[in-house]
């Protein structure tokens with residue numbers, strides 16, 4: 001913005017006798033012969049001005065002409081003419097004159113006075129201007145203040161609502177710099193002068209700040225404001241013209257209940273079966289996918305019999321005698337320990353140990369034209385794991401790509417060659433359970449080992465107490481008591497033989513959990529020197545390691561074998577497992593078996 005000296009007599013005459021304001025407001029006086037009209041230079045240096053208010057504001061004939069170049073101390077020397085669009089800071093510098101009386105040259109009007117000052121008729125579309133010069137006959141720069149009312153509204157409906165920014169845009173506020181920015185109005189005790197001026201000012205008769213300005217015609221809504229997202233460019237264009245490439249429609253649940261009907265897709269998926277029927281691992285399933293076990297020698301059946309048979313013999317011979325002659329608490333407590341032992345055995349044997357889904361990270365197919373001797377993509381990598389013992393320390397642990405399952409194994413995950421599955425946090429494959437011991441069934445395995453040890457010791461002690469009490473009551477020798485109760489004596493021998501093995505496993509795994517390691521990690525660490533052995537997953541001490549393993553909740557299964565099969569599930573095969581060839585490992589991975597036709601599935 002520039003202030004220029006006018007040499008035109010007409011201009012001086014107009015300056016001395018300014019035209020009256022439309023609202024009757026007094027105009028500021030001229031200072032030192034400088035034109036009271038603040039002219040704004042156009043962005044391109046041309047005299048491009050719009051005459052949008054020529055029909056409402058009297059036309060002024062006073063035009064400031066360019067004088068000689070001003071001196072260095074001149075006011076106009078602070079402004080420069082440029083061809084590029086000015087920034088917000090440059091636009092503010094055109095309207096702010098700190099060297100002169102600001103109240104005499106610049107009085108920003110409030111939104112109410114500015115709307116009344118315009119007085120232009122309503123239009124069907126939002127009026128927007130392209131010139132950024134702050135000219136007096138130009139629209140306001142606020143997008144909300146432009147007229148957006150349709151022609152069908154009456155004059156009463158066109159009444160402009162009051163602005164919410166009156167406190168900061170009112171022209172009679174002299175202490176603009178000292179305004180209170182606190183969200184509460186009681187932070188100061190001294191009342192600002194601007195508050196008194198706002199309270200005592202004379203409000204225009206046609207404005208009422210307490211009235212909610214709404215159009216009487218509710219059928220016709222005003223056009224969208226330029227700030228609305230619905231008024232963006234090409235918003236009214238047909239939807240077919242949109243580029244929908246790489247877009248996917250998200251599914252959402254119904255907001256209201258509908259009639260329960262079986263959809264064709266759901267019925268079709270149910271006809272295809274469940275997920276376990278398409279699983280390609282070396283696993284057998286029972287109970288509709290609820291129970292699973294490795295397709296190997298069923299040693300777990302023998303393990304269950306080793307628990308069931310002695311328990312049955314105890315309740316058949318020693319239990320009734322102990323109930324009536326010593327205490328009923330002995331057989332009851334023995335039954336409770338047996339329940340814990342056998343239930344933990346069932347859970348550890350038939351529960352999903354943590355099978356990782358297959359085909360999640362498939363390698364790209366090999367190009368036939370590529371050199372067959374070329375090195376393929378890497379199958380080993382390192383993953384940084386944050387240590388629980390420090391806030392800043394971390395350690396790299398190796399991870400490997402499983403070519404059988406086509407996945408990058410997470411840390412502590414290994415592929416079991418018996419189950420032919422990648423198991424999360426695999427400890428070992430237990431032949432007594434005929435199942436892998438992983439993250440989801442490790443607690444059941446540890447509970448089975450612990451309770452089987454207690455059960456064997458309980459069996460030994462209760463059977464021996466039966467023989468000794470009977471010998472003392474009858475007054476016979478120990479050999480005669482054994483001859484009378486041979487089965488309890490056999491249970492004493494069985495308990496003495498069965499207790500050491502689960503007891504050693506219990507102590508060994510208690511030691512491993514206290515170190516924060518699995519069986520595989522502990523055995524693999526002995527391949528390195530003692531100085532190179534690290535435990536990145538330890539919690540710092542034995543108690544925390546025990547809590548982290550035995551106190552953590554069991555994670556959900558990844559495979560969901562009981563669910564219905566969905567066509568296109570990459571985790572599963574496209575053909576049911578009963579139609580796939582079996583026993584390819586004894587044939588050196590050469591499939592010499594009959595392959596059924598594709599339509600047989």
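All residue numbers here begin at 1 and follow the chain in the order shown.
Every residue gets a Cβ built from N, Cα and C, even glycine.
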Per Swiss-Prot, the range holding transmembrane segment, considering 259-279, 280-300, 301-321: 301-321
Swiss-Prot topology check: residue 322, residue 480 same side of membrane: yes
The annotated transmembrane segment range in Swiss-Prot, which must be one of 382-402, 403-423, 424-444, 445-465: 445-465
Nonlocal neighbours by CB distance (under 8 Å) for residue 430 (active site, S-palmitoyl cysteine intermediate), same chain, sequence gap 6 or more: 348, 436, 437, 445
Beyond the flanks of the transmembrane segment (326-346) by 6 or more, those residues with Cβ under 8 Å of it: 303-304, 307-308, 311, 314-315, 318-320, 433, 444-445, 447-448, 451-452, 454-455, 458-459, 462, 465, 469
Folded-back contacts onto the topological domain 'Lumenal' (466-486), same chain, C-beta under 8 angstroms, at least six residues removed: 317-318, 321-322, 325-326, 492
Distal contacts, the topological domain 'Lumenal' (322-325) - CB-CB under 8 A, six or more residues away: 331, 462, 465-466, 469, 473
